[in-house]
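Okay, structure first, notes after.
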Amino acid sequence: PLRPGPATLGVLLGSDCPHPAVCEGCQRPISDRFLMRVNESSWHEECLQCAACQQALTTSCYFRDRKLYCKQDYQQLFAAKCSGCMEKIAPTEFVMRALECVYHLGCFCCCVCERQLRKGDEFVLKEGQLLCKGDYEKEKDLLSSVSPDESDSVKSEDEDGDMKPAKGQGSQSKGGGDDGKDPRRPKRPRTILTTQQRRAFKASFEVSSKPCRKVRETLAAETGLSVRVVQVWFQNQRAKMKKLARRHQQQQEQQNSQRLGQEVLSSRMEGMMASYTPLAPPQQQIVAMEQSPCGSSDPFQQGLTPPQMPGDHMNPYGNDSIFHDIDSDTSLTSLSDCFLGSSDVGSLQARVGNPIDRLYSMQSSYFAS
């Protein structure tokens, strides 16, 4: 930190230190008989010198950013400068302050009328320049009169009657006041810039967007305009460039956000398509009971219900039924014993035949006997 006064120097004997001290400058232990003390830090005698002129510091020094300076170099490097003339301010001079800016008494004046501002005067600090109250009010009028557009076509105050009429008024007379403006204010013509004036302003703006007073006076003399008009044009041009830069930045951010959203959406869709695997259609499987192992070809063992025969009502299917082994101790060993393929189903239907035809054949054989 910046210290207002010189730091104190002290000389100690090396034998007085219980532990060998470390030099703040070279970061090496001090084994000399004498050492220097600056703000509770130890230095070699040869390391205690000005960081700018390399001169040895014997009586006093200035400390900033862990570096030591002599008085002359410190004032030359870090002394406060006037915001008006950019010259150094001596410690013995009186100054005027406006926010963070410091001025000489003679430099604390309006940049337009060059009237010195005293204590109690009203002023405005705009872009590092001081404006008295009167010139600031004039500037507000000129800000709307000079346009930095490419055409620079400026209409007179009489042509402002094209604006929409206020509520409750059918039309606006030419002699009436402007919308919301003071009717007592005198009308002023707007400044019209020629092609040569516009080129001169833009060429100077490309060199420096904030020219100094001498450049503004030179432009005013070359273009035949007042210094105030030149200054207002540069202010409007700077505001226009900031607005364009801000708009371009917003468009870039919007495009980047849209592109990022599309990339995220496409990546999500690709992930969903990659993770989707269609399920295979289930195979149609038919469950049937196990056939009887006996070699009987009796068609009534296939689950058909024949007509009741005399004396056969107790066991119409005979001794060997298709369900003969259901109540036995044996059981199916796996699920594969209960499933038949599609080819087995066709052969099963061929063997069974049509139940109606078999019923008619049984009836014919019954009555024939």
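A Cβ is built for glycine as well, from the same backbone N, Cα and C atoms used for every other residue.
Listed features, source Swiss-Prot:
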DNA_BIND  186-245  DNA-binding region
DOMAIN    23-73  domain 'LIM zinc-binding 1'
DOMAIN    82-135  domain 'LIM zinc-binding 2'
REGION    143-196  region 'Disordered'
Work out, from DSSP, the number of helix, strand and coil residues along the domain 'LIM zinc-binding 2' (82-135). 3 helix, 19 strand, 32 coil
On the DSSP side of things, how many residues of the DNA-binding region (186-245) fall into helix, strand and coil, could you say? 43 helix, 0 strand, 17 coil
Do you know the mean pLDDT across the DNA-binding region (186-245)? 84
